[in-house]
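Annotated in TrEMBL:
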COMPBIAS  B:10-22  compositional bias 'Basic residues'
COMPBIAS  B:71-82  compositional bias 'Basic and acidic residues'
COMPBIAS  B:92-102  compositional bias 'Basic and acidic residues'
DOMAIN    B:144-327  domain 'Brix'
REGION    B:1-102  region 'Disordered'
Amino acid sequence: ICRLKVIWDLIGNKSFCSYKVKTKTQQFCRNEYNITGLCNRSSCPLANSQYATVREEKGLCYLYMKVIERAAFPARMWEKVKLDRNYAKALEQIDENLIYWPRFIRHKCKQRLTKITQYLIRIRKLTLKRQRKLVPLSRKVERREKRREEKALIAAQLENAIEKELLDRLKQGTYGDIYNFPIHAFDKAMEKQEEETESEEEEEEDEEESGTREFVAEDEFEESDLSDFEDMNNLKGSSDEEEDAEDQSSEEEETEEELEEEKTKAKSKGKTPLKGPIRKKRAYVEIEYEQETEPAQKSKAT
Amino acid sequence: NATTSESVSKKKGKTKKVKRKVKHDEAPVQEMEQAEGEETEKKSESGPCFPPTFSVSEIKNKQRRHSMFLKLKEEKRKQKLELKKKKKKERKALGDKAPPKEVPKTIENQRIYDETTVNPEDEEVAFDEGTDEFSAYFNRLTNPKVLITTSDRPRGRTVRFCEQLATVIPHAHVYYRRGLALKRVIPQCVSRGFTYLMVINEDRKVPNGLVLCHLPDGPTAHFKVSNVRLRKEMKRRGKDPTEHVPEVILNNFTTRLGHSIGRMFAALFPHDPQFVGRQVATFHNQRDFIFFRFHRYIFKNEKKVGIQELGPRFTLKLRSLQKGTFDSKFGEYEWVHKRHEMDSSRRKFHL
């Protein structure tokens, strides 16, 4: 008579039941026939002799019922009734089958049926939409790929490759005349030619110098400079003033020479370097010569 | 125990070169105790230059073992250096008769020759390329127009990535995907004159896939995207890219498959790059990884160019190439990456 109570004392409330799942706040029942899913005295299919559930199989809902008369025959214990696909009709069927059953079970069965139909509808809707395919990633493969990518990145030397490609394109002329560098390229070509001719000229000059003598004005020497010196001498009489003038003139000469050199050098940079051989003759030593000799001449003049 | 080991190490510090700081405040008692142990150990351990008759791993004391190992390493390094110097001298001495310098083996050197490698003068390839789906672009009949979208519910990173891609690729439009099926999107795109559909797939808040579909029924390529760096994460980057049409650099696409992928990338950008903008987009293929970079360049002189990276960077790895427009179920796949067949050799690459 108190068999169920005994069962409940053994498995329910604070005892061990293999279907029981305990969490911090609640206890759940994993029994497939449980109607609410919680572990309660009224929801336990083992501790209730009269019990009913609604379960779903392949989109169809079935009503399972258990009565005390069949408690001795576990193979036939649960009576399975197929419910109608129509929700309203299924509810009526439940009412019809569970007439005179406790309110709690009837109510919970209908609730469960509702939930099941709702999720079946949602499944059908989702299958029509696009479904996200989950592709499993193999960790080993991912790690391997990552490492290979790093190595490939190092081997690629991207910046160098890009720079090389851009320079190649510049050389090929895909950029047209946007950049001024083509002149330099031309210059280089010219310089190469000039070097060839220079080497030839040098040989010729060496042959000339080995014997003949000539009295030639030096490269930087200009007649205008000479006249300047004479004017300076006439203007100032005292030696100190002369010296100052000489210094000034020498300074001026220096600056003039520097300017000249700079000008010629600049010219050679920009355009054709025709002054190659002449540049060779001009050495800094010559400048010093001029300065030393001039004061001597001037002192002689005065 | 710690102090005893220190005292031992102090003793050791005297036998070899300066590796440990010598500690002077030691208890004399400890030193006496260790002296006996030291003797026996000194016998077993030979001087630094004498080749030892035991292996380094037999010494139980970790510090000592470590120091012996370091010494061994140093010796080996010295020997290697000496060998190198000797070889160099020999080379110099021989002068012209010296044997040619050996080229080190790299993966690119050792790559298994792919029979589909394109020969520049190949007529068949040229003919194919004249009549394939991109011929319309390369014959200047169409101008590229790109639609960029994502998978469902994109997160911030993906959205920003899409926006930055749209600045990099001219004539690109970003559209929000509202759960639309691609098969329905494609005919609409075609009717509006788009030439490319780019779908960026997202996983765990990070873009990880790219589907590039050439629209008037062109091939569809599916890539795995990795190492996405957005603009604000780039170091020493320049200002934002301008609206000028960038140049395109495609490096190392050697095989037939590589060629078709390269043409796919080339057809994303309009034909005539505006050199005024001085921007260049690079797709560099190395060992089947395609690295995308976006730079601004400036020529300092005819031998030097400076590049500054702007714009996003990412790497792609081709997963499949399908013949028609996007159709995963019934499409005809021209190439699919099959891991067990294709990843078995480390020297075989397909692009």
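Glycine residues also receive a Cβ, built from the backbone N, Cα and C atoms like all the rest.
Automatic, uncurated: that is what TrEMBL annotation is.
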Suppose you look only at the domain 'Brix' (B:144-327); what would the mean pLDDT be? 91
Outside the compositional bias 'Basic and acidic residues' (B:92-102), at least 6 residues beyond either end, the same-chain residues with a Cβ under 8 Å of its Cβ set are none
Within the compositional bias 'Basic and acidic residues' (B:71-82), how many residues are helix, strand or coil going by DSSP? 12 helix, 0 strand, 0 coil
